[in-house]
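Visitor: Sharing a structure below in structure tokens format, with a few things to ask.
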């Protein structure tokens, strides 16, 4: 198997197959569940809005795909600094049956010089997750832009108990970049290598996925990236990975997240 095909296979195993669109419906989420069971194996998870968790759980169970985890989003997409609302949303997501919660860090507050609210929000949301539910924190690196802010946000999230740090919501012009990934995974290497990393949005094909996986191997070791420590947040990426593996047609036209 070529390096490109190896990257494609690994990226599928590490994927949070995502739909977070305003026009999402039960039917679209059912279709997403079926896409997550690929000819190359199951994706790690699907990522959907909280209201669709029950239909997704029912569908995955009917498919015999209980191992595909269900992730959802809270404080999304704007990363507001109201801790109480973020906690209520996170509790509701867990009550719906989420296995993982992707919460948006209050990145604008950090840009304005407030480090405390982000730390406290992540800490409170981690407590709201309880046992067994992973908390992934989206720092919106493409808006932070400044390497010092990306580093600070990553440090605050890890110190507050995040299970993963994630680049992006996919709702802003700049999403996952190799530059941001290097800063974020460097912080993981310094602070706690049990914390995971999730590049989201903008990873378009096997070559790009391979670049992120190669960076992870260089910074954290060849064996580090597993579904417990590395995810790709993506929607259109899957089509291109299956094409690389000669298991489907390439994506046509402009593609989303």
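Counting starts with 1 at the first residue shown.
Just so it is clear, glycine is given a Cβ too, placed from its N, Cα and C backbone atoms.
Not my notes, these are from Swiss-Prot:
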type	residues	note
ACT_SITE	102	active site, proton donor/acceptor
ACT_SITE	166	active site, schiff-base intermediate with acetaldehyde
ACT_SITE	198	active site, proton donor/acceptor
Visitor: State the count of C-beta atoms found within 10 angstroms of the C-beta of residue 198 (active site, proton donor/acceptor), not counting that atom itself.
Guide: 27
Visitor: Quick one: pull the CA-CA distance for residue 198 (active site, proton donor/acceptor) versus residue 166 (active site, schiff-base intermediate with acetaldehyde), whole Å only.
Guide: 4
Visitor: Counting every protein chain present, what is the number of Cβ atoms, excluding its own, within 10 Å of the Cβ of the residue listed as 'active site, schiff-base intermediate with acetaldehyde'?
Guide: 28
Visitor: At the level of the C-alpha atoms, what whole-angstrom distance separates residue 102 (active site, proton donor/acceptor) and the residue listed as 'active site, schiff-base intermediate with acetaldehyde'?
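Guide: Roughly 8 Å, rounded to the nearest whole number.
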Visitor: Let me know how many other Cβ atoms fall within 10 Å of the Cβ of residue 102 (active site, proton donor/acceptor).
Guide: 28
